[in-house]
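J.: Residues or ranges marked as domain 'P-type ATPase N-terminal' in TrEMBL: A:36-90. Annotation comment: TrEMBL describes A:63-81, A:288-311, A:342-361, A:884-904, A:934-956, A:968-991, A:1003-1027, A:1033-1058 as transmembrane segment. Annotated domain 'P-type ATPase A' per TrEMBL: A:124-185, in sequence order. Feature annotation from TrEMBL assigns active site, 4-aspartylphosphate intermediate to A:D407. The Mg(2+) binding site annotation in TrEMBL covers A:D407, A:T409, A:D794, A:D798. Taken from TrEMBL, the feature ATP binding site applies to A:D407, A:K408, A:T409, A:E504, A:F545, A:K568, A:R599, A:T679, A:G680, A:D681, A:R767, A:K773, A:N797, A:D798. The domain 'P-type ATPase C-terminal' feature in TrEMBL is assigned to A:820-1073.
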Amino acid sequence: MLRWIRQQLGFDPPHQSDTRTVYIANRFPQHGHYIPQRFADNRIISSKYTIWNFIPKNLFEQFRRIANFYFLIIFLVQLMIDTPTSPVTSGLPLFFVITVTAIKQGYEDWLRHKADNEVNGAPVFVVRSGSLVQTRSKNIRVGDIVRVAKDETFPADLVLLSSDRAEGTCHITTASLDGETNLKTHYAVPETAVSQSVSRLESLQAVVECQQPEPDLYRFVGRITVTQYGEEIVRPLGPENLLLRGARLKNTKEIFGVAVYTGMESKMALNYKCKSQKRSAVEKSMNTFLIIYLVILLFEAVLSTILKYAWQAENKWDEPFYNKKTETERNSSKILRFISDFLAFLVLYNFIIPISLYVTVEMQKFLGSFFIGLDLDLYHEESDQRAQVNTSDLNEELGQVEYVFTDKTGTLTENEMQFRECSINGMKYQEINSKLVPEGMTEDVPDASSFSRLSREEELFLKAVSLCHTVQISYDQTDGVSDPFSHANGFTSQMEYYASSPDEKALVEATKRMGVAFTGINGETMEITTFGKSEKYKLLHVLEFDANRRRMSVILQTPSGEKVLFTKGAESSVLPYTKSGEIEKTRVHVDEFALKGLRTLVVAYRLFSADEYKEVERRIYEARTALQQREERLSEAFNFIEKDLQLLGATGVEDKLQEKVQETIEALRLAGIKVWVLTGDKHETAVSVSLSCGHFHRTMNILELVQQKSDHECAEQLRRLARRIKEDHVIQHGLVVDGASLSLALREHEKLFMEVCKNCSAVLCCRMAPLQKAKVVRLLKTSPEKPITLAVGDGANDVSMIQEAHVGIGIMGKEGRQAVRNSDYAIARFKFLSKLLLVHGHFYYIRIATLVQYFFYKNVCFITPQFLYQFFCLFSQQTLYDSVYLTLYNICFTSLPILVYSLFEQLVHPHILQSKPALYRDISKNSLLSFKTFLYWTFLGFCHAFVFFFGCYILMGEDTSLMGNGQMFGNWTFGTLVFTVMVITVTLKLALETHFWTWMNHFVTWGSIAFYFIFSLFYGGIIWPFLHTQDMYFVFVQLLSSGSAWFAIIIIVITCLFPDIIKKVFYRHVQPTSTQKSQNIEGYEGVACMDSVCCFPGGRGVCGFLERLKRANRSWSDSDPFSSNDRSVLTLSPVEVSHC
Amino acid sequence: METKGSMANRPDNTAFTQQRLPAWQPILSAGIVIPGFTFIGLAFIGIGVALFVTSQNIKVLERDYTGNSDDSSCGPCIDPAKIGCKCEVNFNFSQLFEGPVFFYYALNNYYQNYRSYGVSLDPNQLVGDTKYFLSPDSSCSPYKNNSNAVPIVPCGSIANSMFNDSFTLYQIVNGQKILVPFDRKGIAWWTDYNIKYSNPAFVNGSFAKAFAGTTQPINWPKPVYELDPNDQANNGFLNQDFLVWMRRAALPNFRKLYGRITGGDFANGLPAGNYTLEINYNYPVKSFGGTKSVVFTNVSWMGGKNQFLGIAYLVIGSLCVVMAVVMLIVYAKYKFPDDDTA
């Protein structure tokens, strides 16, 4: 008892053994030897905080950020020593930043809580005390018997006890776990399978013993002990008995299962990994810049401290008669004074580090990412899916992509297999209007005669195709599930095929259309309907598909009692084993199909004699029951069986290309992005798809690195390829690599391989394993240039690649949500990629890059005058600006315009960006955040600061009164003048950078300046009761009452901006970037509103010119430059390269 | 909004969500900038000329009276040991110095913007809050209490170092000195005088009693309540000289207004002739290498003589025009770089 209490209170670690014992329905044994175990409840927790720990935990998280920590230190220094500024000046902005971030994170966590609550509160049915009780998902305990109905997901990991089927099986799909969409059959142990009702379950006495939770989805070891009639029956349990949380029940009316792993201990939750934090290139440059500024700050502080002591070496400056020191000051230790002076300068200049940079960037990313989801152009109507942003941290990275790695099936293609052609007995056929028509014949063959004209070979071929598969059927109407054959007549509307391979599904659907329909599988019987006539085949064995054999077979007993084997598989793995049939013709046909981009399969059969079958039976049985080396023996047995085949024919299935794939790839290429296609398909198919989707051009020289067997050979081939590229650098090259050669190339010759790849404008990797895909991405990512990579994929096999790449994009396809969930962005179609990168990526990059640069600029402007002022006040740390101005500069006066800019700026019209992909090159390689640009902005900041300061200095330094009444200004007026000039200049500088003035930009830009004036008037207009000094009282009003001050403000602001304008104009005209050129185009299009000019007779010439220009532009933008493999478009790209 | 089942996820087609807000998209091209610069340049040149001429019309007479050179009559006074030293500065005008004439004293190399100097005051004392008279703010030290631990009012370095030279101006007409009166009213900011500073209330009908238990700043010869015994409105913290001094200068060389010459015969200015300025030389500047001078000037609407603004406007204005011309040349040379839309 004591121990139990201690456990409950968490003193003792919960009982840890290798296994857990689950008493079904929590009917614990009566005898005393039972030790209660503690299991997690069925709550899923993805949220980070609770109400109680939010504040401490969030604060801790936030102060782990270097910038926040820095400001905390500054704040503490201000509290501790006598510093020139009050702690409020850094405390308030810090508080503001922390609060905003906390609100954002709190909101996100609240969303997670909501999602969790939805999951945890979902209604479930549990058997409790003899009846079915509805409760919430979170209340399921280990040991509860749960009822799940058709199409529901399992609320916990359950061991299947019984289903509504007599044999205790059920079908599930695990699409949301591993992306596999096929139906899987799970079993109950026979002893429990009979307990199909609540009352029978009530009398069930059973105990499940199983291993402790572990994340492997495919491993489960346990046993169930059922007590029946006083006798204990022990049965082993394996993964086929376990129903995983997140999987969905299909095709079965209801099941009962006992919960064994709940909540965070379920396999799904254990597989839920925290996504690795991806950091964008912008963030990395930002951190570099911060460090540079930190160095500048330290330098300024050290310099000031040293100069202070140099200056004060002379007593008359150190302690003039009017400014005597106190005794304590005089007596304090020199070192201590030096340190405290240094800290004071640090505090004085600390605003050079832009405190609100991070929070603004975060807000920009958070708010800005909504535009992706809201974009109509990224909305796919057919599937009603909009783009989805999972990580807003990477928005700007979309504008920096240099390599795109794309999966083929489901990404470039629809993953919607369509049967196209087949070859039967050396004759090519096509499917036309659901009829099998020999090639060359037109479809106006009289319909009525069509079945009778099916030859024996044709019929056998169709039967083979419709029988040799592992397709499952799901019926939409649940009533008659237990007896699928009852639907034999009306199958067409209710039947739906589920297959692990979309090819199989396409084939079965095709044969159904052509009259040989697979109508059901029940236990060991397969039924097909041949032109309305039902035939039942007994399924004897399934020789499953595996990647080494690359074929699968079924052994059936025909209605007439013959034993027959049907095999289908890749032509390279079936044709060698055929001994009769039109082998050569078929081989030719298969190659033709492959060239058309069809996925090919070869179909063959073998009739067994009774003796042969006995042998087959024996071998399979032996292999299947072998305890050691089972797999080897199985494949040996299979190889023995799948030989001496008679060739029936081959099928060609087309995977339809998605819309506009070609245009998208072409656009990406024009944007300077290299596109690599990584696919598991065979070489020929991959190449032909590559050609048809425009990844390879007909004009391209295609290099091959395939079927390399040895290291040496591979290196040789690579060198040969490199030479060929060097010799012929005018033409574009495309490279084809297969998985095996790739692994060879990567093992030893990485450099050489990279060299070849970089010179190829298109690379196609075929026969790739999922991990290999990720490896290729990593190879490119870590190459010396460190290019930004993007991976697109739709299936579970692309997840590793999506996670590896800098930006991972999931396609919301048919292969489950796995890729989407692990991606940073998810889109419905491949074609959306071009807008996502070329428009959104471009915008986000420009926005954030300018935001970052501007932040540094405005803080240099802010603090440099303060530094310069020290030269005129004996380095006494006198602040130039009032504390309130110091505090509010970053959070009020200059914060909104840049935020609005960074949300709405559009340098170029989106249509132009999309129609001129080359503009993407203008921002490649992080060009707006290059060191040069950074220096330019910093330099500009310093220049402006010098102009503000010395402008005001000269104005006031002439010692004359600036007022008509001859009165003099003081130091606060001087600081306020500098500050006023600065706020206006800094705001207008951003205005100069803004190209897209929406009403919001106008509002915040002019509003900020107006706010500054109004605030200053208000702040200086009142004697503030809680302020110690009234330094600023009426300072601002006095300043504004001086005409000279107004003139000075105007001239200083103009002087600051004047060189910048000149620079911009000169660059625009002398050395325009292509972005700027396209802005001009827009400008001329904007001229449309000036049509009225044409009314003037004198304006005709001008108008004619404008008209021509407009027309030229319009025709240029209307004509689709990618409509064909137009040479002019192709030749354009090298020109572009040389240009940029 | 027709969000039918299948289109439930369709984003709203509004200008905002589709980033199609109507926007003004200015482009800084030569076409706009050239006329703009020409216009601004010409306007600036115009303003510059006006400012420059205005500034040129302002007369300034500045005389150093530190006494560093022996030929000055103030030479002997520079020795801080001499107390109550008097000297004079003579000058003459060949023509009328138009009025109203403003008279400033100027200090050079004097750091009123030293931080510890700047904070060395108790604002609560200066609004006449007698609670703080006996316990001045600690920021005032070392001028918080005198050596006898009597609290100082007004405490702190600024008040303590108040400028205490005084000036009297005479016109010499036929060897006779005619007093030129200084108008010492309104030399401090109106708000300082009327709102920011105030005197303590009289205690028992006596202003001095309000300061009971306190002492004057160490360097002061007389307590604050005797700064101007003749005029209570100019006495105590509201003394205009005090107020002028308390408004710290921004830079180490500064002028402070001493008075205006507006009275009687001199309302139109100082007529041509000889003048002598008698100085009570009290304020020591030698120790920190400072200089003192006096300045006579008249002002325009834009204040005192200030060449900077006029010159700046002229320079920037001309630069604008020059750049407009340069850009025109560039523009002509690179005519329409937008034509090749490659």
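For all residues, glycine too, the Cβ spot is worked out from N, Cα and C.
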J.: Ranking A:288-311, A:342-361, A:934-956, A:1003-1027, A:1033-1058 by Cβ pairs under 8 Å to the transmembrane segment (A:63-81), which is first?
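T.: Stretch with maximum Cβ contacts: A:342-361.
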J.: Where does the mean pLDDT land for the domain 'P-type ATPase N-terminal' (A:36-90)?
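T.: Mean pLDDT, the domain 'P-type ATPase N-terminal' (A:36-90): 85.
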J.: Measure from the CA atom of A:D798 (Mg(2+) binding site) to the CA atom of A:D407 (active site, 4-aspartylphosphate intermediate) and give the result in Å, rounded to a whole number.
T.: 7
J.: Consider each pair of residues in A:D407, A:K408, A:T409, A:E504, A:F545, A:K568, A:R599, A:T679, A:G680, A:D681, A:R767, A:K773, A:N797, A:D798, all listed by the record as binding ATP, and report the largest Cα separation in Å as a whole number.
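T.: Max span of the ATP binding residues, Cα based, is 28 Å.
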J.: Could you tell me whether the transmembrane segment (A:934-956) and the transmembrane segment (A:1033-1058) have 3+ CB pairs under 8 A, leaving out pairs under 6 positions apart?
T.: yes
J.: Can you name the binding-site residues among A:F545, A:R599, A:G680, A:R767, A:N797 whose CA is within 10 A of the CA of A:T409 (Mg(2+) binding site)?
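T.: Within 10 Å of A:T409 (Mg(2+) binding site): A:G680.
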J.: What is the number of other Cβ atoms found within 10 Å of the Cβ of A:F545 (ATP binding site)?
T.: 17
J.: Which of the listed binding-site residues (A:R599, A:R767) has the least company, meaning the fewest other Cβ atoms within 10 Å of its Cβ?
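T.: Minimum Cβ neighbour count within 10 Å, taken over the binding-site residues A:R599, A:R767, occurs at A:R767.
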J.: For a quick check of packing: other C-beta atoms within 10 Å of the C-beta of A:D798 (Mg(2+) binding site), how many?
T.: 33
J.: When the Cα-Cα distance from A:D798 (Mg(2+) binding site) is computed for each of the binding-site residues A:F545, A:G680, A:R767, which gives the smallest value?
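T.: So, spelling it out, the nearest of the binding-site residues is A:G680.
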J.: Measure from the Cα of A:D794 (Mg(2+) binding site) to the Cα of every one of the binding-site residues A:F545, A:R599, A:G680, A:R767, then give the nearest.
T.: A:G680
J.: So for A:T409 (Mg(2+) binding site), how many other CB atoms are inside 10 Å of its CB?
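T.: A count of 25.
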J.: DSSP-wise, what's the residue breakdown of the domain 'P-type ATPase A' (A:124-185) into helix, strand and coil?
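T.: Result for the domain 'P-type ATPase A' (A:124-185), in helix, strand, coil order: 7 helix, 31 strand, 24 coil.
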J.: Residues of the same chain, at least six outside the transmembrane segment (A:342-361), with any C-beta under 8 angstroms of its C-beta?
T.: 65, 67-68, 70-71, 74, 77-78, 81-85, 90, 93-94, 96-97, 100-101, 283, 286, 290, 293-294, 296-298, 300-302, 304-305, 848, 851-852, 855-856, 858-860, 862-864, 866-867, 870, 877, 879, 886, 889-891, 895, 898-899, 902
J.: What are the DSSP helix, strand and coil residue counts for the domain 'P-type ATPase N-terminal' (A:36-90)?
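T.: DSSP classes over the domain 'P-type ATPase N-terminal' (A:36-90) add up to 29 helix, 0 strand, 26 coil.
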J.: Return one of helix, strand or coil for A:D798 (Mg(2+) binding site), based on DSSP.
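T.: For A:D798 (Mg(2+) binding site) - judged by DSSP and reduced to three states - the answer is helix.
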J.: Near the Cβ of A:G680 (ATP binding site), how many other Cβ atoms are there if near means within 10 Å?
T.: 20
J.: Specify the count of other C-beta atoms within 10 Å of the C-beta of A:D794 (Mg(2+) binding site).
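T.: Result for A:D794 (Mg(2+) binding site): 31 other Cβ atoms within 10 Å.
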